Each structure stands twice: as C-alpha cells, then as structure tokens.
Amino acid sequence: MDLKTLLQYEWGIMTPEFTILGVATILSLIDLFMPDEKDRRLLGWFAFAGVIVALISLVGLLPVEVTSILEDTFRLDSFAKAFKFILLAGAACVILLSMDYQPAEGMPYRGEFYYLFLAALLGAMMMTSSGDLITMFVGLELLSISSYILVGLRKKYVPSNESAMKYVINGGISTAITLFGMSYIFGLTGTTNLKAIAGQLSTVIDMGQQYLLALALLMLFVGLSFKLASAPFHMWAPDVYQGAPTPVTAFLSVVSKTAGFVIVLRLMIYIFAGTPAEGTNSASMLLSMQDYIAFLAGATMIIGNTIALRQRNVKRMFAYSSIAHAGYLLVGFVTMSMFIIDSIWFYLVAYLLMNLGAFAILQVIADKSGSEDISQFAGLYRRSPLVAVAMGIFILSLAGIPGTAGFIGKVNIFLGAFVTEPAHYVLAAVMIATTVISYVYYFGILTQMFFRPAAEQTPVKLPLGVMMVVIFCAIGTIVFGVVPSIVYDFLNQFEHFGDFFS
Amino acid sequence: MMENAWIIPLFPLFSFLILLAVGKRLKENSAYIGILLTFISFVYSVMVLFERLNAPTLKAEQVWLTIGTMELTAGFEVNPLNSLMLVVVSLVSFLVHMYSKGYMHGDERFPIFYAYLGLFTFAMLGLVISPNLLQTYIFWELVGLGSFLLIGFYFYKEEAKAAAKKAFIMTRIGDVGLLIGMILLFWEVKSFEYADIFAAVQAGTVSETMITLSAILIFVGAVGKSGQFPLHTWLPDAMEGPTPVSALIHAATMVAAGVYLVATLFPLYEASHIAMLTVAIVGGFTAIFAASIGLVQTDIKRVLAYSTVSQLGYMMLALGSAGYVAGVFHLMTHAFFKALLFLAAGSVIHAVHTQDIEKMGGIWKKMPLTAPLFLIGTLAISGVPLFSGFFSKEEILVAAWTRGNTVLFWLAVVAAFFTAFYMFRLFFLVFTGEARSEVKDAHESPFVMTLPMLVLGGLAVFAGYVNTPWFGTFLGDWLTEGTDMHVHHEAPSWIMIVATVVSLLGIFLAWLMYGKKSLSRDWLSSRMPISYHVLFNKYYIDEFYQLTVVYAAKAVSMLFKYIDRFIVEGAANAVAALTQGIGKAGARLQNGQVQMYGAVTIIGLAALVVILALTGGYL
C-alpha cells in the first residue's frame with residue numbers, strides 16, 4: 001500500500017475517532033506538564049467538550065452512505081453510527097460524573113481518569129466500525145486494558161486494587177477463550193475479513209467443519225459474555241463493580257456493556273447467520289444454536305435477579321441488576337426477530353438513561369456518607385424530594401413500569417419473543433417471572449426512600465455535573481417512555497440496519 | 001364536551017404536579033387545590049355523561065408508536081360504561097378529597113397525601129377512558145403505584161410498609177396474567193383496540209381455545225386487582241393505609257377496576273363458555289368465602305375489607321352469569337355505599353382512636369350524624385328493600401338463576417345472609433350498647449367530613465332507582481343499547497322475596513345476638529308486649545342458632561381461614577423460598593475468590609461443549 005492509496009481513503013468518516021484520539025493525546029500531555037497542585041477538573045471539561053465535538057461530527061456523518069476504508073477494516077454503516085451515539089452519550093455522562101467524584105482519600109490521579117476513559121471509548125468505537133477480526137480484537141483489548149487500569153485507579157484503596165486484579169485475571173481468561181474461538185474461524189476460512197468469512201462459510205456443507213464452527217460459536221459467545229457480564233462469565237461483575245470508583249462502575253455497566261453487545265451482534269450475525277447447519281440443511285447455524293444462547297440468557301436473568309435480592313450494598317445490587325439486564329437484552333438477541341438490532345438499540349438507550357441516572361445519585365449519596373449500604377437511602381424523600389423523585393423514576397424504569405423508557409424497551413423485546421417462529425414461550429415466561437422478582441429489590445430502594453425516616457436531615461445537594469446527568473437521564477427516561485415514537489423516528493433513517501451486510 | 005373528555009384526568013394530574021412542586025409551602029391549604037381540581041373533573045364528567053345519554057359513542061385516537069408495520073395508538077373513548085365510571089370515580093374522589101381535609105388534619109405530610117391522591121385519581125380516570133388494552137395496562141400499573149404509595153403512607157408503621165409491598169407484589173402477580181393474555185390477544189388480532197378485538201371475536205377469526213385462554217389470563221389480572229380468591233390477601237392488609245384511602249381505592253374505585261376490565265371485555269368473555277363459568281365460579285366462591293371470614297373479624301376496617309372482597313365477588317358472579325347490567329349496576333351502588341361505610345368508619349375511628357369493635361359501643365348518641373349514615377350504608381349493603389343495594393343484589397341473583405348456575409345462586413343467597421349478619425353485628429357492636437372506655441369523649445366529626453358522607457348517604461339510598469323492576473330499567477337499557485346483551489328476564493318474583501327474607505333474617509339474628517343487649521327486658525316487655533313472647537324464647541333461639549348456623553358458619557370460616565393461611569400463603573411462601581434459595585446458593589458461590597469465578601466460566605463452557613458433543617451438533 002503506497003501513500004497514494006492511503007491518501008485516497010475517505011478519512012472523513014473517522015472524524016469522531018480522530019477527535020477522541022486527539023483529545024486523549026492532548027490531555028495526557030497537559031496532564032504530564034501541569035503542576036501537580038493544579039486542579040485537574042478543567043481537564044474533565046476539556047474531555048467532555050471533546051466527546052461533544054465527536055457527537056456533533058457523528059451527526060454530520062449521518063447522511064453518509066455505507067463507506068469502508070483500509071481494506072474493509074473500518075466501515076461506517078448505520079449499525080456503527082447508531083451504536084456510536086450510545087457510546088458517546090454514555091461517555092459524556094460518565095465524564096460529567098467523574099468530575100464530581102470525591103472519594104474519601106482524595107483523587108490525586110484525576111487527570112489519568114479522563115484520558116483513560118477516552119482511550120477506552122476509542123476502543124469501543126473502533127469495535128462498532130470494525131469489519132475485520134483483527135481490528136475488532138484490537139478495539140476490544142484497547143477497551144479492556146484501559147478499563148483494568150480505571151478500575152484500580154483508587155490506588156490507596158484496597159478494594160479498588162483487589163477488584164482491578166480480579167478484573168485483569170478474568171479479562172485474561174475471556175480474551176484467551178475469545179481468541180481461541182476466533183482461531184477456529186481463521187483456520188477454517190484463512191481470512192480475518194468478516195465479509196470474506198461470511199462469503200466462504202455460506203457454502204460450508206461438510207458436517208465436520210460445521211461441528212468445528214459450532215464449537216467456535218460457543219467459544220466466542222462465552223468469551224464475549226465477559227463484556228456483557230452474562231452467564232457463565234458474570235461472576236467478576238459484583239466484586240469489580242463494588243470495588244471500582246463509582247464513575248468507572250457506571251462506565252462498565254453502560255458503555256462497556258454496550259460495546260459487548262456491539263461485538264456480539266457484529267460477530268455472531270456476520271459469521272453465523274448465513275452459515276448453514278446440519279449438512280446441506282439450509283437452517284442457519286445461529287438459529288440452530290439458539291437454544292444454547294437462550295439457556296444462557298435464562299440463567300443470566302435468574303442469577304442476576306435472585307442474588308440481587310440478598311444484597312444490601314447498593315452498588316453490588318446494581319451489579320446483579322446489570323447482569324439481569326444483560327439477560328433481558330440477550331432475550332432480544334436470541335429471538336432473532338426482524339427488528340433485533342432496533343429493539344436492542346432501544347433497550348440499551350433506555351438502560352443508559354436509567355442506569356447512569358441511578359449511578360449519578362448513588363455516587364453523591366455514597367460519597368457523602370462514605371457508605372454504599374441501602375440504608376443510606378432512608379428518608380431521601382424528606383431530605384431532598386426532587387432527588388428522591390428522580391431516583392424513583394430511574395428505579396421504576398429499571399423495574400419496567402409503564403410510563404418509562406424501560407417499559408417500552410421490555411415490551412419491544414417481549415413482543416419480539418412472540419412474533420418470531422417458533423415463539424419463545426419459555427424464555428418469555430422466565431423474563432416475566434424474573435422481572436417480578438426484580439420488583440422486590442427495586443422496591444426495597446423505593447421503600448427506603450419514601451417510607452423510612454431519615455437518619456440525618458441535611459439535604460443532598462447535587463454538584464453541577466451530576467445534576468446535568470440526572471436531569472438529562474430523567475427527562476429522557478420519561479420522554480422516551482411516553483412518546484417512544486421520537487426514538488423510532490430517529491431509528492427509521494437507518495431502515496432497520498439493512499446495510500449491515502453490504 | 002365529549003370530544004374534550006380526555007381533559008378530565010388531567011385536572012387531578014395538575015393537582016399532583018402543583019402539590020409536588022409547591023406543596024411544602026401551601027401546607028394544609030394544599031387541600032383546596034386538590035378539592036377544586038377534582039371538583040372540576042367531576043363537573044366535567046357529569047356533563048359528559050349527560051351528553052352521552054343522547055349521543056353515540058365517541059372515540060378519538062392517534063398513532064403513538066410504530067414498530068415495523070405495527071401501529072400502536074393512544075386516545076380515549078366515551079361509551080355508556082365508562083362515562084358512568086367517570087362520574088363514579090370523580091365523584092368519590094372529590095368527596096374523599098373533601099373528607100380528608102378533616103381526617104388528615106394535623107398530619108405533617110398532609111400535602112404529600114393530597115399529591116398522591118391526585119396521582120391516583122389521574123391514573124384511575126385515565127384507566128377508565130382508555131380505548132385499548134395497552135393503554136389500559138399502562139394506567140392499570142399507574143393505579144397500582146398510587147395505591148402502593150397511599151397504603152404505605154404511614155411509613156413509620158411496620159405493618160403499613162409490609163402491606164404496601166404485599167399489595168404491590170400480589171397485584172403484580174395478577175398483572176403478569178393480564179400482560180400475557182393481552183399479548184396473546186395482540187398476537188391473534190394484531191391490535192390492542194377493544195373494537196378490533198371484538199370484531200375479530202365475532203367474525204370467528206380467533207380460535208375458541210385462544211379466546212378462552214386469553215380471557216382467563218386477563219381475568220387473572222382482574223382477580224389480583226379486585227381481590228378475588230386466591231389473590232385477595234393483600235386487600236385486608238391494605239387497610240393499614242389512611243381510611244379515606246381505603247374508601248377511595250380499596251372500596252370504590254381501584255378494586256373495582258378488575259370488574260370494570262371484565263365488563264369492558266364482556267364480548268370476549270361471552271364468546272367463551274368456559275371463561276364465563278370461571279369468572280362466575282371464582283366470583284361466587286369469593287363472595288361466600290370472604291363473607292364467612294367477615295363474620296369473625298374484630299377490626300372495623302377489616303370487616304369492611306372482607307365485605308368489599310365479598311361484594312366484588314358478587315359483581316364477578318354477575319358478569320360470569322351474563323348479567324352485564326347487574327355487575328355494572330352493583331359496581332356503581334357498591335361504590336357509593338361502601339365509600340359511605342368507610343368514611344363513616346373513618347369518622348368513628350377519628351373520634352375514638354381505635355379500630356377494635358370490641359372496644360367501641362354506644363356511640364349512637366355521641367355521633368348523631370355518623371351513626372344514622374352508617375346505618376343507611378349497612379342497610380344498603382345488607383340488601384334491605386328500597387335501598388340501592390337491594391336492587392342491584394337482586395339483579396345479580398336473577399342473573400345467576402336465569403343463567404342456570406343453581407349452586408352459585410344458593411351460595412350467593414347464603415352469602416347475602418352472612419352479609420346482613422356481619423354488617424349488623426358490626427353496627428350493633430359499634431353504635432349500640434354500653435359505651436366502653438375508649439369512647440367516653442367521642443364527638444361528632446367536623447362538617448367537612450360529614451358533608452361527603454351525607455352526599456354518599458343520599459346516593460346509597462337513591463342510586464338504586466335508576467334500574468328497578470318497578471320503575472323501569474333505565475340504566476340497563478342505556479348501557480346495552482345497540483347490543484343484544486340485555487335481555488329482559490322475567491325474574492321469578494320469589495327471588496326478590498328470598499333475597500329480602502335472608503337479609504332480614506341476618507339482621508334479626510345479629511340483633512338477637514348483639515343488639516338485644518342494648519335493650520333492657522323491661523323496655524321491651526312494657527312497650528312491645530307481643531314481642532315479649534319471642535323474647536322469652538330468645539335463649540332457645542340463641543342456642544339453636546349458636547349450635548347450628550353460627551357454629552357451622554364458624555367452622556366454615558375457620559376452614560377457609562386455614563386454607564387461606566396454609567394453602568394460599570403456603571404456596572406463596574414456597575415460591576418465595578425457592579427464589580431466595582437460588583439467591584442464597586448463588587451468593588454462596590460468589591465467595592470473592594477469583595479462581596472460583598474462572599472455574600465457573602470454564603466449567604460452564606465445558607458443559608456447553610459436552611452437550612454439543614453428545615447431541616452431535618444441535619439441540
């Protein structure tokens with residue numbers, strides 16, 4: 001490849017990525033030369049501005065047709081555009097949260113926070129646009145390695161160190177399994193380009209090769225379930241969520257999980273949806289392996305929701321709740337309905353709004369009291385009615401009560417489970433039953449906020465950044481719950497992601 | 001008027017929003033905002049009702065959400081059934097708003113109480129005007145949320161908190177049935193619209209089994225909301241909420257939502273014989289089951305709660321026996337007299353600060369307004385002739401008889417006897433006899449509390465006359481115009497006589513056992529010499545009843561109580577224990593050791609691979 005071909009590429013489609021990369025580089029330089037005693041918060045606003053600029057440039061890219069550069073390793077299709085919106089919006093919120101994060105022992109490495117965030121975000125964004133196993137894996141590792149450091153960023157706080165350690169080890173196992181799965185794919189096709197892989201595999205009729213492909217599917221899915229925090233790779237989540245700094249927990253539960261779904265959708269649909277199973281039988285591999293994923297989805301919902309019942313530490317409870325939500329999302333994935341990407345996208349948006357909003361309030365309360373116990377929520381309504389109402393909205397949405405975005409998201413997935421042939425009754429039943437179980441712990445928080453006397457009377461004041469996040473998320477949760485057509489009108493321009501394969 | 005009916009639910013919503021924002025500053029003046037805004041809703045509802053009397057059904061909708069090719073709509077509808085419900089709900093809500101100004105006086109969370117009331121009223125009115133199942137479901141859940149907040153209003157009471165949670169979760173179990181039934185219907189008909197569903201059912205495009213299945217699943221939702229067996233246990237516990245809330249939510253409106261839902265979907269139920277029979281059996285059984293438990297309760301609000309459960313059972317029995325008019329009619333009259341009874345009970349509790357009827361007595365003279373009003377409510381619920389409950393209950397009995405549900409008919413008759421008995425037992429214990437310690441300084445409630453009771457008292461007497469066998473069945477004709485639902489049954493006249501006799505018999509027995517103590521023997525013997533002979537034998541009668549009826553009733557009551565405690569709650573506990581067991585096991589596995597986590601993953605992967613190997617590829 002000579003310079004001329006290199007310059008011919010439409011580099012413009014990478015503007016959001018370049019923006020993030022540039023801001024991260026500049027931030028790391030500023031942080032290096034800035035005197036130690038200077039407040040690093042300014043860097044946060046800078047990072048925030050960078051994310052907003054990237055968002056705006058992404059809006060500018062919306063009308064662009066499917067384009068791929070660098071030998072198909074980077075492609076901008078509607079799938080990539082849609083999911084980058086979630087990633088960027090989530091990252092913007094997380095940066096706002098991190099600016100007001102004040103752990104008890106102080107935050108001397110605040111500068112690192114921001115450029116590591118941006119590096120992780122960059123990895124996630126590359127994953128959405130990747131059309132090649134190699135770049136996809138590099139994006140995944142960029143996200144993972146940055147996250148490992150972020151989790152351990154409270155260097156003088158033992159639980160933070162411990163959770164970083166656990167995260168690294170589990171991440172290593174996950175990477176190994178994923179790579180092992182990928183090696184099967186490469187071995188069978190001799191290429192890493194997703195489109196070429198899909199083309200070659202669509203003609204595989206040898207039973208032996210199909211058996212290996214089924215193995216590869218399981219390996220890939222189990223390896224990637226680490227990022228989703230779903231069974232059987234969910235166990236790291238509670239420990240890591242609890243020990244990590246709260247904004248990082250928010251990041252892991254929203255941005256990192258979204259990235260996980262991005263890669264699962266991209267890889268699974270590309271590689272396995274068109275691959276025949278059982279000899280010449282035309283049924284696709286993905287459909288015939290559905291039951292395995294359905295089983296894992298069911299297990300994830302049951303595990304997440306039942307163990308959450310026993311938690312008193314709210315961060316830990318949210319870790320299990322986030323496992324449960326991964327399960328609901330997987331139901332959407334299993335059903336393989338016509339609108340699978342639409343409904344997962346909507347649910348991720350709703351999840352972003354409600355979960356980040358809840359984490360914002362949790363962060364302020366935990367910082368203030370130094371404890372993450374559920375009793376810290378007692379009497380919140382009497383201390384600060386508006387904060388309690390906002391938290392109430394997020395909880396109701398997480399529980400899937402009508403009038404909130406969470407409800408519409410669940411209905412979408414639920415309807416999807418019925419409209420496909422064959423309908424997934426069992427899975428839908430598990431989803432309903434576990435949703436009912438989840439009311440118990442979600443309403444435990446509501447009970448604390450509204451029906452308990454407050455231990456202390458001082459009102460909870462939200463700092464500016466947190467306030468912005470809470471307002472944004474609360475409005476979004478309600479508006480998308482009452483007039484979801486806004487979101488659907490927005491999604492319509494992607495025409496159900498019809499350009500996914502082109 | 002009618003084309004703007006959607007505005008009716010918005011007034012209480014404004015009340016909620018205003019009070020949420022500035023309630024703290026308004027303090028007890030919050031009441032005026034709530035009262036005024038619900039009054040506007042009420043006036044508007046009455047105007048809509050009158051306009052609807054001579055106008056066709058109006059329906060307006062807009063596309064709300066498009067998923068692929070499916071279009072979901074949102075809008076409102078004004079038909080005879082829901083214009084009637086609008087008036088009932090907004091009226092009772094308005095009266096309860098007014099009453100609460102006196103009852104909740106001095107509570108430091110006064111504005112919050114009114115805010116919650118507004119939220120609930122909004123949701124309930126929204127539920128009533130919904131033209132499709134999805135919208136109904138959304139408001140259905142909102143109503144549950146309002147109920148949850150209000151039951152737990154006295155949050156410093158442990159029982160109130162537990163009751164709020166129990167109510168929410170129990171009704172949610174029913175809601176799951178509703179949701180599944182709803183989705184099944186949607187799947188078949190490709191629409192949530194009531195009109196489309198009925199059209200499809202009539203055209204026969206939906207299979208018989210599917211109709212039955214979805215109708216029964218939706219009925220499960222109604223069972224939860226309306227406190228029918230076996231999901232009734234939350235309703236008596238919900239009495240931990242403030243009494244005006246019990247009157248509004250747990251007597252007149254929300255608990256009737258289940259009945260309303262079945263009534264709204266009546267064409268669907270009519271298409272399935274099995275579904276109808278299920279509704280009738282559950283209703284009839286609940287009616288007698290709850291009535292027999294009511295016989296032995298000693299908490300004034302719990303007696304009323306069980307009577308509510310029992311009366312809702314009557315309504316279900318009516319609907320299940322194709323007595324559409326009877327069910328709706330009883331829903332209306334019951335809303336008035338039960339709200340009256342609760343408000344009057346609240347007035348008593350307000351005065352004597354206890355709910356234990358064993359500690360009350362002799363309040364008649366001290367509460368010269370409350371006492372006669374309570375008596376009117378008691379007469380109405382007991383089905384004494386000329387009171388509203390008499391007409392609607394008789395209509396239900398006729399429906400059950402003409403449908404051929406003979407067993408259920410006789411069960412309902414016995415339940416009517418029980419009702420008259422326990423209601424008058426309550427009345428005599430509370431208002432007559434010796435004044436006990438708790439009631440020495442009792443006095444009448446303020447005017448703001450008695451006025452709503454007077455209005456309801458009037459309705460408890462006269463509301464029945466809109467549909468009587470004597471003066472014409474105006475309500476029935478109007479509710480069913482344009483349909484073939486209402487067939488004028490030539491009711492055997494003996495049913496009316498039986499209904500009257502059992503209710504009077506119940507009252508008489510209650511009087512013998514509880515009322516007689518208030519009358520000295522001299523008083524009776526001197527003024528009513530003829531009765532003296534009867535009185536002479538009173539022990540004989542007493543013991544006779546004691547041995548037969550009362551013991552039998554007590555035995556049945558105990559039996560049901562045990563069923564309630566061990567079987568129903570046992571099943572609930574078993575499910576809960578299983579859930580917690582999984583949680584416990586899972587939490588134990590989560591021991592904090594990273595090697596364990598890795599092991600779980602690898603074992604999980606290995607298990608999947610082994611299954612893959614064993615099944616030779618695919619499941």
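Note: Cβ is positioned from N, Cα and C throughout, glycine not excepted.
Annotations in TrEMBL come from automatic prediction, not curation.
Record features (TrEMBL):
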| type | residues | note |
| --- | --- | --- |
| DOMAIN | A:130-435 | domain 'NADH:quinone oxidoreductase/Mrp antiporter transmembrane' |
| TRANSMEM | A:12-30 | transmembrane segment |
| TRANSMEM | A:42-62 | transmembrane segment |
| TRANSMEM | A:82-101 | transmembrane segment |
| TRANSMEM | A:113-128 | transmembrane segment |
| TRANSMEM | A:134-153 | transmembrane segment |
| TRANSMEM | A:165-186 | transmembrane segment |
| TRANSMEM | A:250-272 | transmembrane segment |
| TRANSMEM | A:292-310 | transmembrane segment |
| TRANSMEM | A:317-338 | transmembrane segment |
| TRANSMEM | A:386-408 | transmembrane segment |
| TRANSMEM | A:423-443 | transmembrane segment |
| TRANSMEM | A:464-487 | transmembrane segment |
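The stretch from A:113-128, A:134-153, A:292-310, A:386-408, A:464-487 with the most CB pairs below 8 A to the transmembrane segment (A:250-272) is A:113-128. When Cβ-Cβ distances below 8 Å are used as the criterion, the transmembrane segment (A:165-186) is approached by residues 133, 137, 140-141, 144, 147-148, 151-152, 192, 197, 212-213, 215-224, 226-227, 233, 235-236, 239-240, 271 of the same chain, each at least six residues removed from its ends.
Among the stretches A:82-101, A:113-128, A:423-443, the one making the largest number of Cβ pairs under 8 Å with the transmembrane segment (A:42-62) is A:82-101. Same-chain neighbours of the transmembrane segment (A:113-128): 16-17, 20-21, 23-25, 27-28, 31, 40, 43-44, 46-47, 50-51, 74, 79-80, 83-84, 87-88, 91, 94-95, 98, 107, 135-136, 138-144, 146-147, 149-150, 153, 247, 251, 255-256, 258-259, 262-263, 266, counting only residues six or more beyond its ends whose CB sits under 8 Å from a CB of the stretch.
The transmembrane segment (A:423-443) is in contact with the transmembrane segment (A:292-310), judged by 3+ CB-CB distances under 8 Å for residue pairs 6 or more apart in sequence. Counting Cβ pairs under 8 Å to the transmembrane segment (A:317-338), the top-ranked stretch among A:12-30, A:82-101, A:292-310 is A:292-310. If one looks beyond the transmembrane segment (A:12-30) by at least 6 residues along the same chain, the residues whose Cβ comes under 8 Å of a Cβ in the stretch are 43, 46-47, 49-51, 53-55, 57-58, 60-61, 64, 67, 69, 74, 76, 84, 88, 111, 114-115, 118-119, 121-122, 125-126, 129. Panel annotation: around the transmembrane segment (A:292-310), residues 218, 221, 225, 230-232, 234, 238, 317, 320-328, 330-331, 333-334, 424, 426-427, 430-431, 434-435, 437-438, 440-441 of the same chain, lying at least six beyond its termini, place a Cβ under 8 Å from a Cβ of the stretch.
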